[in-house]
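Here's what Swiss-Prot has on this protein:
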- 1-52: transit peptide (TRANSIT)
- 90-288: domain 'KARI N-terminal Rossmann' (DOMAIN)
- 111-118, 144-149, 183-187: NADP(+) binding site (BINDING)
- 289-437: domain 'KARI C-terminal knotted 1' (DOMAIN)
- ASP297, GLU301: Mg(2+) 1 binding site (BINDING)
- ASP297, GLU474, GLU478: Mg(2+) 2 binding site (BINDING)
- 438-574: domain 'KARI C-terminal knotted 2' (DOMAIN)
- SER500: substrate binding site (BINDING)
Amino acid sequence: MAASTTLALSHPKTLAAAAAAAPKAPTAPAAVSFPVSHAACAPLAARRRAVTAMVAAPPAVGAAMPSLDFDTSVFNKEKVSLAGHEEYIVRGGRNLFPLLPEAFKGIKQIGVIGWGSQGPAQAQNLRDSLAEAKSDIVVKIGLRKGSKSFDEARAAGFTEESGTLGDIWETVSGSDLVLLLISDAAQADNYEKIFSHMKPNSILGLSHGFLLGHLQSAGLDFPKNISVIAVCPKGMGPSVRRLYVQGKEINGAGINSSFAVHQDVDGRATDVALGWSVALGSPFTFATTLEQEYKSDIFGERGILLGAVHGIVEALFRRYTEQGMDEEMAYKNTVEGITGIISKTISKKGMLEVYNSLTEEGKKEFNKAYSASFYPCMDILYECYEDVASGSEIRSVVLAGRRFYEKEGLPAFPMGNIDQTRMWKVGEKVRSTRPENDLGPLHPFTAGVYVALMMAQIEVLRKKGHSYSEIINESVIESVDSLNPFMHARGVAFMVDNCSTTARLGSRKWAPRFDYILTQQAFVTVDKDAPINQDLISNFMSDPVHGAIEVCAELRPTVDISVPANADFVRPELRQSS
């Protein structure tokens, strides 16, 4: 992208204007004139041609990738090249903790509102990092009166007596930086009261752009007398804390984070956001916008991060057992392989190494699975992205949160279990006899389906104009380094239900869609012995994303996350061992 189209993070309107002024990418073929999400009335062949045109085009076709530059007076900014696109990052490390008081200049209290997935991790990491920096900034937890989370916060060392635990509204009013980490649905229902309690010139910190999407859908915006920033760890809260603790002796390890400055009233926002990210232990921090973040994040959770991987292992397990495979072997060839050897290989060496590790016969089976699965996966992913971007999925989350309680004479409908079927009971048995450090088998068909899903998600985000750092973190790194290890440890619910309410809802909603489309379209194509789409295989082999992943791999956490079955850093209701 030309230098003249570099975009300022603090001015979203400037971003939109610059994007409009940027050189236009070549026009996509007319076949993509209808979105997949509304293509039910179009013939299947036409839908396939539309998606084929989308994939066959060079990666540059589609929305232009923004060049998100930023200025910092505290930390060192580095330029990296990802697939030919220049981006800027800040490396983390405990050696940077002495810079935190300068980054947080003018802040006396950081209020952490909520104690769900991210709250406990971020509060403890911030407290510990600031203590190491010998800062007198107070990290205070704010909870609603009567919350059961008070006991959990006290157990983590936050107390009323020390002024580090208290009422939500007192905490919001008394904080210079308010980290709003309650559920997205709760944010949507309470934002007006939260805004009214914030001090002028204070800073609102978000770890998800959901609230912006909700406000946009209502034609609203944030108050103009506060700064609005985001630091969004690319992993669940328990991973953020676990890797921070594991990395204490080796200059830090944690979860990569994106950051955004949506509104800056006094020029401090960028350094505060970067300080927040460094204090969380982020190995590297990359820039995004609040809008790009919520679109990629909500979409990613429903895709390969949670929902789609759940859907494909259910579909594959059923396929293998119907073909006569032993149940335990079927579980090993699906869940164990994806969360073990496949994730480990992608994390350290990339997707191509998964393919190159196969025998010649295995590569043929991989190609069949990849060729048959890519377009069906993209079909659902494309629909999901547009549901998020249009606000439909955001509205769905808000309404679902309200159904958790009795209303209008109807009963409450909280989230139900997702690990009570035969497959997941078999998984308990497999894990009970699994040798230590066993990574499961590399099944070529499973690998082909999983990698096809990953590449389809990468392609949708790329065509929608997301930066490579965001694409790779939301489609690859978060999946293999943060989330899959939890499913490997104790099954799908242990992975999904340690995440946010928005992620848990989305995973439950979209997982069946991936299961269905793979069963009805991809596997049927394989069973018919349909020709392999050699263009798809060739595009996979030569895709520039592989080089970008190599660069990101050099910035990965310095340790691998360890998730024991009896982990005590997860949600309280999930702490009992299987």
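Cβ atoms here come from the backbone N, Cα and C positions, even for glycine.
This view paints the features noted in Swiss-Prot onto the structure.
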residue: GLY111; record: NADP(+) binding site; Cβ within 10 Å: 26
residue: GLY114; record: NADP(+) binding site; Cβ within 10 Å: 25
residue: SER117; record: NADP(+) binding site; Cβ within 10 Å: 27
residue: LYS145; record: NADP(+) binding site; Cβ within 10 Å: 9
residue: ASP184; record: NADP(+) binding site; Cβ within 10 Å: 26
residue: GLN187; record: NADP(+) binding site; Cβ within 10 Å: 23
residue: ASP297; record: Mg(2+) 1 binding site; Cβ within 10 Å: 27
residue: GLU301; record: Mg(2+) 1 binding site; Cβ within 10 Å: 27
residue: GLU478; record: Mg(2+) 2 binding site; Cβ within 10 Å: 25
residue: SER500; record: substrate binding site; Cβ within 10 Å: 24
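Close to GLU474 (Mg(2+) 2 binding site) in the fold, though at least 6 residues off in sequence, lie LYS234, SER296, ASP297, PHE299, GLY300, LEU305, GLN457, LEU461, HIS466, each with a CB less than 8 Å from its CB. Put simply, SER500 (substrate binding site) is 13 Å from GLN187 (NADP(+) binding site) when counted between their Cα atoms. With GLY114 (NADP(+) binding site) as the anchor, the candidate binding-site residues are GLU301, GLU478, SER500, and the one with the nearest CA is SER500. It is 6 Å from the Cα atom of SER500 (substrate binding site) to that of SER117 (NADP(+) binding site). In the three-state DSSP assignment, the secondary structure recorded for GLY111 (NADP(+) binding site) is strand. Summary of the Mg(2+) 2 site environment: with the site residues ASP297, GLU474, GLU478 set aside, the chain residues having Cβ atoms within 8 Å of the Cβ mean position are LYS234, SER296, GLY300, GLU301, LEU305, GLU470, ASN473, SER475.
According to DSSP, the domain 'KARI C-terminal knotted 1' (289-437) comprises 113 helix, 2 strand, 34 coil. Taking the C-alpha atom of GLU301 (Mg(2+) 1 binding site) as reference, the shortest distance to any of the binding-site residues GLY111, LYS148, ASP184, GLU478 belongs to GLU478.
Within the domain 'KARI C-terminal knotted 2' (438-574), the DSSP-based counts of helix, strand and coil residues read 96 helix, 0 strand, 41 coil. Reduced to three states, the DSSP call for LYS148 (NADP(+) binding site) is coil.
Cα to Cα, LYS145 (NADP(+) binding site) and GLU478 (Mg(2+) 2 binding site) are separated by 34 Å.
Cβ neighbour count for LYS148 (NADP(+) binding site) (all protein chains, 10 Å cutoff from its Cβ): 9.
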